[in-house]
Amino acid sequence: MSPSEPLLQIHELDARYGPIQALRQVSLHIDAGEIVTLIGANGAGKSTLLMSLFGDPQPAGGWIRYQGHDITGLPTHEIAKRGIAQAPEGRRIFAAMSVEENLLMGAIPVGMDHMDADLIKVFELFPRLKERRNQRAGTLSGGEQQMLAIGRALMSRPRLLLLDEPSLGLAPLMVQRIFATIREIRDSGATIFLVEQNAHHALKLAQRGHVLVNGEIRLSGTGEELLADPEVRRAYLGGRG
Amino acid sequence: MPPVAAASSTTRVHWSLVFRQAVLEATAAFALALLLFGPIVGLVLDGYQVRNELQRPLLIAAIIAAGRFLVTLAMHAPTGQAALERFNARRRQPGVLVVNASESDRQRWWLLAIVAVSLTLPFLASKYWLTVLIQAMIYVLLGLGLNIVVGLAGLLDLGYVAFYAVGAYGLALGAQYLDLGFWSALPLAAMLAALFGGVLGFPVLRMHGDYLAIVTLGFGEIIRLVLNNWLEFTGGPNGVSAPAPQLFGLEFTRTAKDGGVPFHEYFQISYDPLHRFIFIYLALFLIVCLMVVVVTRLRNMPVGRAWEALREDEIACRALGINHVLVKLSAFMMGAMVGGIAGVFFATYQGFINPTSFNFFESALIVAIVVLGGLGSTTGVIVAALVLTILPELLRAFADYRVFAFGVLMVLMMIWRPRGLIRPRRRAFEVKGLCR
């Protein structure tokens, strides 16, 4: 990997669900250590982009390079083993298992060597999860479940963390807390690709952002640029432009 | 259940209202019972004529209505209320029970007692009860095996009996064609069953829920039909005989075949046909214990946890880097292997097998054991297997009502113990450097 090459590069990616084209020529890159956000309305293709990064659906065109290697078309579990972790949309925790077991599941790609140390780290990041470690994960509140999903993803020591709408369905106070934690995770050295509908919070947090409309990238820029952009303000921030 | 939860907060009981409700509910129960029992019990086919015996359903409906009336009254009385409250409170507990250290200490003593009783039981039992015990142990083994597939991995397998049949025929046909003894056939038949598990597992990887159930159901029937119709190889409906086990080459027969030494001559005791069954029982018990240990260990290992995670959310599993193909296949093969071992023991204990032993009712019974026991709970599965095999023997006198009792049991379970007899337990973890 040459020093100039980004951690993740997506080049002219196409994705389809049958006859429906969900992504059109999407290109973006993420450098090590930054937070990049992708904002867009419902159905714009945000989650599809994350999922096709993970090989499901397989990209119909274009390529994805990660750490200098082509990972286009690899099976999902292979991609996860290369140090990309995801806190999927809707959290998808294992409801019948205990909080701790959920976290242990996250450690599977890296093996059990660092498990205890990583578990302590996650519990430091989310003291709430430590309190509830022996509780059934399904009995957690929405915000706690989101913490668990992020914590579970962190257990695999990812270089790149994909977060799919972490603010979905959470109370405003909880949203602030989650975003503060995301900043903390970035500060500890991880790279984060944040997919959000909550444009205001996401753009304030991110170095760079992209706006996805109908499967195409409409706008790109730094977080401040996009926050100030009249089109973004009108469409996603409820401003009058 | 009547809606009485709200009334529990008020201390005074309005008996007039309660009485009215009881009468209403009793009338409804009467009508329902009449509707249900009227055609079944009231109309008797006598030769070519239908006789009208309406007084019988009327009597049944009256008994039911009276019972309903009394139950409603009792539920509203303070003592009934308290009982109901206790019962509901227990049901409201969160779904995971975590075992802490002191509790598992207490369990160790129980375990020791159970093992001691299980080891002495066969020496006291008559031949009849010995066969019942062996039968029960076989179902415990089957339940444990299917519990991996259905309870842990969440894959509804309605054709589990196929692997049972593969194991049983593996022993019988292995002895007939390859001259294998019991102990050499045991691992081979287990592996063969695991292979069949893989063969079934592969095409059904993409299926979920109902579709998976139908395909596995079909697979079970295919195996049975092949065994039934491949006359030259399996003997078809005539069946095949299976060899008895040996103890280090000692046979459990009165006189040894071709040069062997019978067990009773070697130890210079008088011949007793029970020895064979006691030996089968003890070997089976050992295997069951081994299986319990293996399953308990597996549940705390990545692969076992991956089975359960797969049951919860397949997409999340894949995103966490779990190869769902391997995980599903391993569950299928592991379950099939245990089924195969149970089959080998069944064949050797029966001494003779034919395809009628491997019909769909067996599959349904094993699924019932797993569901009754509480999906995923090892203890629950063992208890359920013992209950469902030993209880019918105890209630031989009421054999006609066996299926009926089965149905009643299922309905009661659905109301009061929807998660099974015994709730799955989870072990608490010890994390180094983490204060509790």
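The backbone N, Cα and C atoms fix where each Cβ goes, glycine too.
TrEMBL has this to say about the protein:
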- B:22-45: transmembrane segment (TRANSMEM)
- B:57-77: transmembrane segment (TRANSMEM)
- B:109-130: transmembrane segment (TRANSMEM)
- B:137-155: transmembrane segment (TRANSMEM)
- B:185-205: transmembrane segment (TRANSMEM)
- B:278-298: transmembrane segment (TRANSMEM)
- B:331-352: transmembrane segment (TRANSMEM)
- B:364-391: transmembrane segment (TRANSMEM)
- B:397-416: transmembrane segment (TRANSMEM)
*Between the transmembrane segment (B:109-130) and the transmembrane segment (B:331-352), are there at least three Cβ pairs closer than 8 Å, leaving out pairs fewer than 6 positions apart?*
no
*Spell out yes or no: are there three or more C-beta pairs under 8 angstroms between the transmembrane segment (B:278-298) and the transmembrane segment (B:331-352), with each pair 6 or more apart in sequence?*
yes
*May I ask for the residues of the chain that lie six or more residues beyond the transmembrane segment (B:137-155) and have a Cβ under 8 Å from a Cβ within it?*
163-164, 204, 212, 281, 284-285, 287-288, 291-292, 295, 298-299, 304, 307-308, 310-312, 327-328, 331-332, 334-339, 341-342, 345-346, 349, 365-367, 369-371, 373-378, 381-382, 384-386, 388-389, 424
*Leading contact stretch, B:22-45, B:57-77, B:331-352, B:364-391, B:397-416 vs the transmembrane segment (B:185-205) - CB distance under 8 Å*: B:331-352
*Would you kindly list the residues that approach the transmembrane segment (B:57-77) from elsewhere in its chain, counting only those six or more residues past its ends and only Cβ-Cβ distances under 8 Å?*
2, 4, 7, 13, 18-19, 21-23, 25-31, 33-34, 37-38, 40-42, 84
